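According to TrEMBL, the ATP binding site annotation covers Gly10, Ala11, Gly12, Lys13, Gly14, Thr15, Arg127, Gly172. What TrEMBL lists as AMP binding site is Thr31, Arg36, Asn57, Tyr58, Val59, Gly85, Phe86, Pro87, Arg88, Gln92, Arg133, Arg144. For 30-59, the entry in TrEMBL reads region 'NMP'.
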Amino acid sequence: MRLLIMGAPGAGKGTQAVGVAAHYGIPAISTGDIFRANVKEGTELGEQVSAIMAAGNYVPDELTERIVADRLDRADAADGWLLDGFPRTLHQVGALEAHLSERSQALDAVICLDVNPEDLVTRLLRRAEIEGRADDNEETIRHRMDVYLESTRPLLDAYEKRGLLVRVDGNGTVEEIGARIIAAVDAFVA
Ligand code: AMP
């Protein structure tokens, strides 16, 4: 199973990615988590991305694409994966396509978590209190939302046209949403 999970900042992608990936026995791969781990460890990559992330901007495509390609080529990802937070630009869509077609692989489905836009900022502000992420302050949250609408939301239309988009209602408890995603994906790939 090769899956993407998409949705606006605060839609719950990260939480659901972990549960859904565990259900299918595949790794959940989050570019945001990879970047945050590198920032925390003070690696060269971390130094390159920390200011960009703190400002709520996107890390350059080539750099992000290289990180993902390396991660997808690791042994645990040989039989499938769920990508959380990648691709975020049309350029990244192209890079993922190229990576897959070189390996005679294809995406099975693109999950889109739909959440009421008014709820998103509230959710992110609550997460800011709990997790203390450097990019979860109100100004950066609003900027990330704008960047998402401008650069990433158009990807949903692209995947919809390709018949890969599985829209799931992202309102409810973590368990309800998780069950909804699995039911929708199972029905889609059947
Ligand atoms: P996330 O945890 O998915 O919200 O990602 C946190 C931050 O990491 C984003 O706001 C970006 O700065 C960076 N990031 C994560 N994934 C990508 C990506 N695919 N392309 C560019 N930047 C990314």
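The backbone N, Cα and C atoms fix where each Cβ goes, glycine too.
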Folded-back contacts onto the region 'NMP' (30-59), same chain, C-beta under 8 angstroms, at least six residues removed: 14, 17, 67-68, 71, 83-86, 88-89, 133-135, 140-141, 143-144, 147, 151
Lowest local Cβ density (other Cβ within 10 Å) among binding-site residues: Ala11, Val59: Val59
Other CB atoms, at most 10 A from the CB of Gly14 (ATP binding site): 15
Least surrounded among the binding-site residues, given as Gly10, Gly12, Gly172, when other CB atoms within 10 Å are counted: Gly172
Those binding-site residues in Thr15, Arg88, Arg127, Arg133, Gly172 whose CB falls under 6 A of ligand 1, listed in sequence order: Arg88
Neighbour tally for Thr15 (ATP binding site), based on other Cβ positions within 10 Å of its Cβ: 15
Alpha-carbon spacing, Gly172 (ATP binding site) to Asn57 (AMP binding site), which is rounded to whole Å: 29
Helix, strand and coil totals (DSSP H, G, I; E, B; other) for the region 'NMP' (30-59): 22 helix, 1 strand, 7 coil
Of the binding-site residues listed as Phe86, Arg88, Arg133, the one whose CA lies nearest the CA of Gly10 (ATP binding site): Arg133
Rounded inter-Cα distance in Å - Arg88 (AMP binding site), Gly12 (ATP binding site): 16
Candidate nearest Arg127 (ATP binding site) in space, where candidates are the binding-site residues Thr31, Val59, Phe86, Arg133 and distance is Cα-Cα: Arg133
Most crowded position, judged by CB atoms within 10 A, among Lys13, Arg88, Arg127, Arg133 as binding-site residues: Lys13
In three-state DSSP terms, the structure that Arg88 (AMP binding site) belongs to: coil
